[in-house]
């Protein structure tokens with residue numbers, strides 16, 4: 001029997017509504033917007049084909065392998081409520097399509113060429129189910145939440161951070177001075193801005209040295225373990241590891257990486273180095289909005305968060321929720337749980353399309369940062385709980401009396417909120433009152449309350465279910 005050449009509909013091979021998914025399959029939920037005249041089944045099947053074994057025409061080499069064993073399958077399609085001509089297409093991928101321990105390879109297949117496919121007007125990857133059989137091939141975060149708490153000897157409260165501003169232009173010595181003031185005032189961490197790498201006004205080695213001096217001085221004065229996220233992101237992997245090695249030689253606890261601009265291969269290499277050498281790894285998500293902001297095209301952040309948990313990181317930025325709409329709060333808390341918890345049930349109201357079981361992969365601390373200040377502290381404490389990092393950049397450095405009083409104000413506000421919560425008070429209802437009470441005995445907090453009492457960031461939610 002000769003092989004039959006020609007073009008045939010994808011749905012004849014790749015749309016299989018009777019397929020029962022296997023425990024080892026990687027499952028994907030795509031939001032598909034077909035071109036006019038393309039039926040949803042054909043669009044869903046095209047996604048399955050182009051992200052696995054298919055191409056646009058029948059090829060004779062198909063006969064040299066078992067397509068049934070290796071092909072992706074679109075096994076279910078449902079219309080998106082309230083949207084015209086949008087569908088959720090569920091696709092199952094056999095595990096053997098992917099290299100073990102490689103987020104890079106997984107994404108190259110699942111979100112590769114298929115996103116430029118002409119039969120689709122738009123395509124968004126909403127969620128991925130990573131099976132234990134695949135996640136066990138990854139190291140995951142270098143240390144995880146519990147090990148980090150033990151290293152820092154800090155329990156029972158969120159951790160406090162601050163991004164040093166202005167983000168660009170400070171000399172290394174002035175940068176170190178700003179770090180020292182913040183840590184002395186009561187913060188647990190300070191942070192390199194994501195754009196700070198090794199520029200002419202501040203080379204990385206100078207910054208690392210002045211920062212280490214600030215760290216040891218602040219630790220000696222406060223009796224607490226302190227950290228500064230030293231950004232090791234660089235133009236090459238070799239240079240990145242060189243910076244991490246120098247950080248380790250200085251004896252500091254944590255380094256940082258921009259995982260999307262740096263790339264998953266570099267990130268996974270750095271995560272392995274950090275575990276082997278006892279360094280915590282803070283992850284910034286610069287560039288995420290390019291990928292996840294459009295609601296009908298791209299990749300949802302919950303997928304990027306899962307990918308980071310596989311690739312490795314101990315902290316990752318995760319938005320703030322505060323001052324946004326309720327719908328966004330549920331979606332944000334959905335991926336915060338996917339970062340922290342071992343087992344997360346499917347819950348479409350929070351945007352979670354699949355039950356996710358992480359088995360032995362450690363959890364990641366979500367970092368709330370961006371436009372937050374002391375008046376937000378009760379809401380942040382309630383929403384994110386103890387296992388989080390609350391990061392106030394302008395909300396520390398913008399204090400009228402300087403960095404250290406700004407840090408004091410944040411620490412006092414946090415301790416007051418944690419104590420009130422532990423006493424059974426309702427932070428959502430009594431939050432402002434709790435902050436006012438605390439400001440009576442902390443002049444630093446009173447000054448912060450006064451300067452930021454009118455500031456609000458209220459916009460429509462971009463991300464809806």
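The backbone N, Cα and C atoms fix where each Cβ goes, glycine too.
What Swiss-Prot lists as active site, proton acceptor is 165, 284, and the listing cites sequence analysis. For 113, 163, 167, 285, 317, 369, the entry in Swiss-Prot reads substrate binding site. For 191, 193, 194, the entry in Swiss-Prot reads Mg(2+) binding site, with the evidence type sequence analysis. The N6,N6,N6-trimethyllysine annotation in Swiss-Prot covers 4. The N6-carboxylysine feature in Swiss-Prot is assigned to 191. What Swiss-Prot records for 324 is site 'Transition state stabilizer'.
Here the features listed in Swiss-Prot are placed on the structure.
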residue : record                       : DSSP class
4       : N6,N6,N6-trimethyllysine     : coil
113     : substrate binding site       : helix
163     : substrate binding site       : strand
193     : Mg(2+) binding site          : coil
284     : active site, proton acceptor : strand
317     : substrate binding site       : strand
369     : substrate binding site       : strand
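Other Cβ atoms within 10 Å of the Cβ of residue 193 (Mg(2+) binding site) number 18 in total over all chains. Looking only at the binding-site residues 113, 163, 369, the densest Cβ neighbourhood within 10 Å occurs at 163.
Proximity to residue 191 (Mg(2+) binding site), defined by a C-alpha to C-alpha distance within 10 angstroms, is shown by none of the recorded positions 4, 113, 285, 317, 369.
The Cα atom of residue 194 (Mg(2+) binding site) lies nearest to that of 285, taking the recorded positions 4, 113, 165, 285, 317 as the candidates.
In this entry, substrate is bound by 113, 163, 167, 285, 317, 369, whose most widely separated C-alpha atoms sit 37 angstrom apart. Distance between Cα atoms for residue 369 (substrate binding site) and residue 284 (active site, proton acceptor): 11 Å, as a whole number.
Of all the recorded positions listed here (4, 165, 167, 285), the one with the fewest other CB atoms within 10 A of its own CB is 4. Close to residue 317 (substrate binding site) in the fold, though at least 6 residues off in sequence, lie 283, 284, 285, 366, 367, 369, each with a CB less than 8 Å from its CB. Taking CA atoms as the reference points, residue 4 (N6,N6,N6-trimethyllysine) and residue 165 (active site, proton acceptor) are 65 Å apart.
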